Every structure is written in C-alpha cells, then in structure tokens.
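Notes to accompany the following structure.
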Amino acid sequence: MAEDLMFLYSNSSILILSALLGILILLGILVFGQRKDSKDGQTTTIVKEEIIARKEVRVTSKKKQKVQEKKKEVKSQYVHPWLVATLKGHTGTILDLDFSVNGKYLATTADDRVILLWCMKNVNQKDHKSYRANVEYDHANCVKWSPDNKALIVSTGIGNTVAVYRVGKRDDGSPGNVEHLLTFPEQHKAEILNIGIACNGHFIMSISGDTTLCVWNLKGEVLATVDTRQMNNHYGCVSPCGRFVASSGFTPDVKVWEVCFTKAGEFKEVKRAFELKGHTSGIFCFAFSNDSTRMASVSRDGTWRLWDCNIEYQKGQEPYLLTTGEFSDMTPSCIALSPDGRTVAIATHTDVHVFCGRTGKLNILFEQVHTDPVSALQFSPNGRYLAASAGKHVHVFNNIAGYENAIDDLEDKKKAANSQSIRERLQCQIEEARTTLKALQQTAS
C-alpha cells in the first residue's frame, strides 16, 4: 500500500512539473510574440509616417512649382497704354513673324512645329482668332507671305532649306487648310538666317550665316549664288519693290544687288547696285521702307542710320545719309522701318526703342516687353501697328509715335511748299493723320 502511494505521488509530481513547464513555454511564446508584434507595429508606423512625409514633400514641391509658374506667368504679362493685344497660342518660342501684304493676317512661327495665322481685323478684341498649320517633322525658323497671300514660304530648322505651303481659303474668305507644296533642295551649309520673296513673284531669296546668298525661282531651282564677302552674314532680305536683295554682316556696310530679268521675264543676272557706307563696325540688321526709297540700319558702333536710297545708281549716285541716331545698347538687334520711312523701331534683348526718323530723337521706349528676348519686329503694311514677338507671345502696339512723326514731317513740308495746291494736298494728309492719331489715342486711354 505504501509503495502504491509513493508511485502515485511520484507520477503526480511529474505531471505537475510538466504542466508548469508547458505553462512557462506558453508564456514565453506569448511574450516573444507580443514583442515581435510591437516591433512590427513600430516598423509599420515608421514606414507609414515616411510615406506620408514623402507625399507631403511632393505636394509642397508641386505647390511651390505652381506658384513659381504662376509668378513667371504674371511677370510675363506686359501692360502698356499703347498695347493693343497680346497674341497667345504657341507652346514654343516664337522665331519669326510676317504681315500679309494686305495687312489682314499675321503669320507667326515657333519651335513648337506650328505656324499660326492671326486675323488682324478685330485684333483689339479680347479673343484673338488664329488658324493653325503644322510643319511635319521639322519647324520653321522664318516665314514670309507670298505676294498674293495664297502661300507661305518658310525656312526649315532641321532641314535647313526653303519650303512652300499653300494656304487654302474658306467660304468666308478666311484662311483654310495649309498644305505642303514643295521643298527646295539643300543648298546652304550654314544655318539660314532669313528668306524673302519678290513682290512680283519672280524670285525667292535665302541667306545663311556664312557668306552665301541664294536666289531661286519658284520651282526651287537656283538662279544665282552670291558671295557677300562680309566674313559672316548677319541679315539679308528682299526689297519691297522686288528689284533688290541686300545683306549685312561683320563688315561695316550694307550691300545691295539688283536681280535683273529680261522683258520676257527670264532671269538675266544679279549685279551690284549700291552700298550703305558710314558705320564703323558690323551691322546687325537693316530694313526698307514700303516704297524701297529709304533704308535704316543699326550697327555695333552704337548708332542707327536712315538713308535716302531713291537714287540712280547706274549713274554712280550713292545713297544719302538723312539721320544718325544714338543707340548705346551693343547687343544684337533687329530693326523695323515704318512703311512711310518716318519711324524707326529697334529691339534688343527685352526692350523696344521707337525713334523719329527725321530728328533721331527717341519717341518712346517699351521696357521689358517680355521675360524673353525680342525675336522679331515689324510694322503692319498700313503703318497702324507695330508687332514684336518674344517668348511664346506677340505684342501688338498702336503706332502712335509713327503718326506723330508723320504729322510733324508734313507740317514742315507744308511750310516749305511753293504752291497752293501742294499745301492743300499736304493739309489733307495732315488731317487724315490727325484723325487716325486721335482714334489711336482714345483706344490707348
């Protein structure tokens, strides 16, 4: 009996010890699990906090970027009493602009591979109507209207050649579909600086940054290649009368050639006509008046000059210097001459200076018209507007200074007139100019 009791007691002790050991193991597992869960929870919390922090940083940076873009946009909004409109539509930097011969449309080209045709009829309204043309696989550096306003001549940026696009017509007379017609063969080794077309449609000109000037027929065949001998060309264009091509460059002169044709309309030759001499340094740019009797030039020497080119160069006559104006800014500039030859506009970097061609005095300075440099400058054919492109925008100004200069010039001519009929004719022109000026001033106010 005693042995049985001892056996039971021994088994009970083993069971109790086993139970206690199991409990201890279970407690250990529970404690370890809680610590692991706690550690995992802390890790998860840290990860979540990092993700939230990153999101907050992204949101903050996006907000800052939007604020900076908004500030830049506000800064680029130019305001001036003479500003008629700011044309917006391009997504890239505008490289060139050109008014149609009838003044109804303004063509602009940018590095976004798009050409926009702007309607100038109601340019002073808030909404500005434009027609879009795409330049496939390239972009246009320069753009010019054909004399009949039915085509656009462009120079391509990548292909570095000349191309022609037909401009269709809608039922209401507005521009329709613009389609590619012809691409000229590659001729220039250096980048094309400018192009032009004669008002009679006899030829197209292209000039590049080396010393090459090419004259083409409308089929894309080279009629003549001229070596300007100016070390490097800076600019070149066709005169509005369609007789001349001209170039400026590193040398301190503007060289003018006549493109000659026979009476039957066949190409004959390109011969030297005359030069504009007097600057002491290279000439950045030059421009013709609408009748090609006057030219304006701007040079690295810090001056601009207005010339009378209504000469008989075949008899050895040289252009007459009319005015010399001071221009202190030495950076590359573009220049525009009003159709009547009385007003000179010069752009450099972000400013546009407007001068009186008769006196050489500054009429007005449009400061910081944009955050980007001015790329092109041109008066409308009727002389009413001055268009300046910069960045993605085109600013169109009332040419108030031009009408003021015209009135002063006409008044002086009236005083010097010898006959009553001439004085009466000049008085009519003065009254017309005053009427237009008054309308522009009312718009500006």
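Cβ atoms are placed via backbone N, Cα and C, with glycine included.
The range from 268-311, 312-355, 400-443 that TrEMBL describes as coiled coil is residues 400-443. Assigned with DSSP, the residues of the repeat 'WD' (276-308) fall into helix, strand and coil as follows: 0 helix, 20 strand, 13 coil.
Predicted-model confidence for the repeat 'WD' (87-118) is 96, expressed as mean pLDDT.
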